[in-house]
Amino acid sequence: DAEEYQPPIWKSYLYQLQQEAPRPKRIICPREVENRPKYYGREFHGIISREQADEILAGVEGAYILRESQRQPGCYTLALRFGNQTLNYRLFYDGKHFVGEKRFESIHDLVTDGLITLYIETKASEYISKMTTNPIYEHIGYATLLREKVSRRLSRTKNESRKASVMSEENTPVEKITSLVRRAALTQNDNHFNYEKAHNFKVHTFRGPHWCEYCANFMWGLIAQGVRCSDCGLNVHKQCSKYVPNDCQPDLKRIKRVYCCDLTTLVKAHNTQRPMVVDSCIREIEARGLKSEGLYRVSGFTEHIEDVKMAFDRDGDKADISASIYPDINIIAGALKLYFRDLPIPVITYDTYSKFIEAAKISNPDERLEAIHEVLMLLPAAHYETLRYLMIHLKKVTLHEKDNFMNAENLGIVFGPTLMRPPEDSTLATLNDMRYQKLIVQILIENEDVLF
């Protein structure tokens, strides 16, 4: 079980190389340099040639100076001694110093990171090129055997939510498990709705030594050593991130809100088939609002809709949206529409938008229906399931048309621009496509039993 878990043996070869890398040695200019930029120190030697820089740095590995270009006054160069030769890099400053992607607070840090990178890439270029060929990722963490071991340990917890218990337990053996293995356990144990989700990798600076959870190799450098998934916390080299499968299991601790959160991220974090906002609002509307005149067309008070939004962001599925708190059902309907409008990727995704519009333009009804069905199959699983559930609900709304005066066409007008938006933010494109957006939703409602 979890107590028996042994962490992987991290591959320390690159860490040892980083320790061996030359240390930066600042060569101070012996004279006072006029017009020295205020963000450079006494390592600035003014306008000198490459040959002069080479003489100053000769024989001192890791030595560096800054100089102003003879050919391009106002342009600055970092001259660095490495591998018995002087390397020259165009130097930039925008509040931080940089020669490439990474930005540094000081020239010293820039040179330190550069020497580490140069040394490791010189000594281990072939090793680095092969790092991703035999990853530990397939053997630990997400591996079936280990996953089952940890799952058996977690399955003995008796809290209402197993996922919550893993995250809230303190001073227990479970807390000793790496984040990778914890996510694996949750994937096996709790995630019945196994929607595929790509990791949301962002460049990250690790404080202290850190190893890649894909290849087990050290993540070298001073800053921006690798990337971290902001949804689940997986830490990997930038080059390794290209090989990580789309198996992100978001951690609830990292999901700060419900509205404006990616749909698949939300359902995987909460382990639900659909966003809980959709289920809660539709359940409330069907319980007391199906006969409400102008349902979804009549707006509730904006400030009350914002209150519902904040309640979901704060309390998740525990949010109270009952009649005792919000007697006007239009507030709940407005909160549901706002949820769809706030999605960073609409329910009908940007990738499928143009295909839906083209399908709507087909004049033959049977061919059009077939084309729409084919595009529906391209939606991510969580988006498809959410759309399916919503269309079943909206079909129920149309069955009470004599009371609420909302037929499929009216609902199409309301939900067309709510569920689908053109990839490019173009007012003209939106206006041109509005009738097709309406038609798509209308067809989805009228044919939900066939299309889904």
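Any Cβ shown, glycine's included, is placed from N, Cα and C.
Taking H, G and I as helix, E and B as strand and the rest as coil, DSSP gives the domain 'SH2' (43-111) the counts 13 helix, 29 strand, 27 coil. Annotated domain 'SH2' per TrEMBL: 43-111, in sequence order.
As a summary of secondary structure, the domain 'Phorbol-ester/DAG-type' (198-248) carries 3 helix, 14 strand, 34 coil according to DSSP. The domain 'Phorbol-ester/DAG-type' annotation in TrEMBL covers 198-248.
Under the heading domain 'Rho-GAP', TrEMBL lists 261-452.
The average pLDDT for the domain 'Rho-GAP' (261-452) in the predicted structure is 95.
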